[in-house]
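Residues or ranges marked as active site, proton acceptor by TrEMBL: 182. Annotated NAD(+) binding site per TrEMBL: 165, 166, 167, 168, 298, 299, 300, 324, 325, 326, 342, in sequence order. TrEMBL lists 190, 193, 258, 261 with the feature Zn(2+) binding site. As annotated by TrEMBL, domain 'Deacetylase sirtuin-type' applies to 61-360.
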């Protein structure tokens with residue numbers, strides 16, 4: 001049985017390796033976007049995208065050739081690879097995370113907790129007003145190179161299953177269907193009867209009940225000038241926005257009730273302080289234990305729900321690889337770690353050569 005390396009050596013990124021990489025990677029403060037070529041299953045030549053992503057994607061040197069080779073061997077040697085993804089995979093798509101140096105916590109933001117949501121109608125009004133405003137921006141994000149590369153690895157039969165901590169459904173847009181450990185903002189659940197409804201329908205109900213608020217949001221999105229139409233909104237990982245309270249305390253913001261029981265509605269997301277439903281925990285745990293190798297991508301593994309899955313795989317003797325910028329809570333369990341942007345690593349992995357197809 002493989003034993004974790006408690007004196008983990010984070011793979012050092014060789015500055016000399018930059019000369020072997022695409023010119024657009026020579027400046028590590030820029031970020032590269034990789035387009036998927038459906039016809040060939042390969043990855044296109046990198047193209048630079050807006051440098052505005054640099055404000056939310058943590059800085060990191062490009063991966064070295066030795067990093068890429070080690071990860072290639074790790075993936076190619078596995079027959080039952082399981083991948084766990086986190087918020088770092090979405091930062092390259094324009095959705096900030098919480099814990100990175102540029103994340104929401106760095107600006108003093110505190111996310112809505114489960115206890116805050118259920119204990120106060122004003123808290124719920126604040127959450128839904130801001131979340132309504134941020135929804136269209138949130139869902140306009142498109143899957144970046146990490147999502148597209150993982151979908152290709154699935155299509156090649158190299159990934160047995162995926163578990164994501166993200167609630168944005170960008171995996172789905174890329175063609176994957178992972179287990180959503182922490183739920184999704186695309187569904188709304190009744191806390192009283194458990195009925196599940198579609199978020200798009202909920203958005204329409206909010207618009208009908210709050211026409212003035214809806215007009216203000218539409219004015220903001222269209223770029224019309226004016227204080228009420230240009231207040232500094234910043235999107236959060238859960239789709240919520242940072243908006244001054246005066247904008248949703250003007251008049252009465254009405255929250256739709258459950259159509260079946262008139263109960264309290266909540267996004268089908270595991271808020272901080274809440275528990276992941278046991279059936280979902282069991283499903284994820286079973287998948288993690290069935291892996292013969294586990295890859296963590298874009299996650300600091302700070303939530304206990306994710307850490308337990310990594311520990312479960314390690315307890316079964318499966319090697320662990322981590323692809324993430326900065327320290328993680330599972331570093332002491334890792335066989336090796338690459339400290340680089342996943343969007344600059346995984347597309348290159350696909351271009352390194354033909355991987356074998358698992359026979360079992």
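The backbone N, Cα and C atoms fix where each Cβ goes, glycine too.
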Open item on the list: Among residues 165, 166, 167, 168, 298, 299, 300, 324, 325, 326, 342 annotated as binding NAD(+), what is the maximum Cα-Cα distance? Answer in Å.
Closed with: 22
Task: Shell list (Zn(2+); ref centroid = CB of 190, 193, 258, 261; cutoff 8 A) - done: 191, 192, 194, 195, 257, 259, 260, 262, 263, 264, 265
Task: Most crowded position, judged by CB atoms within 10 A, among 165, 300, 342 as binding-site residues - done: 342
- [ ] Out of the recorded positions 182, 190, 193, 261, give me the one sitting nearest to residue 325 (NAD(+) binding site) by CA distance.
- [x] 182
Task: For residue 190 (Zn(2+) binding site), nearby residues of its own chain (Cβ under 8 Å, 6 or more apart in sequence) - done: 196, 197, 258, 260, 261, 263, 264, 265, 266
- [ ] Write down the Cα-Cα distance for residue 182 (active site, proton acceptor) and residue 167 (NAD(+) binding site), rounded and given in Å.
- [x] 7
Open item on the list: Using a 10 Å cut-off on Cβ-Cβ distances across all protein chains shown, tell me which of the binding-site residues (167, 261, 325) has the largest neighbour count.
Closed with: 167
Task: Pairwise CA distance, residue 298 (NAD(+) binding site) versus residue 182 (active site, proton acceptor), rounded so that it is a whole Å - done: 15
- [ ] With the residue listed as 'active site, proton acceptor' as the reference Cα, tell me which of the binding-site residues 165, 193, 300, 342 is the closest one.
- [x] 165
Task: Under 8 Å by Cβ from residue 193 (Zn(2+) binding site), same chain, sequence gap 6 or more - done: 258, 260, 261, 263
Open item on the list: A 10 Å Cβ contact count, applied to the recorded positions 182, 258, 298: which residue has the minimum?
Closed with: 258
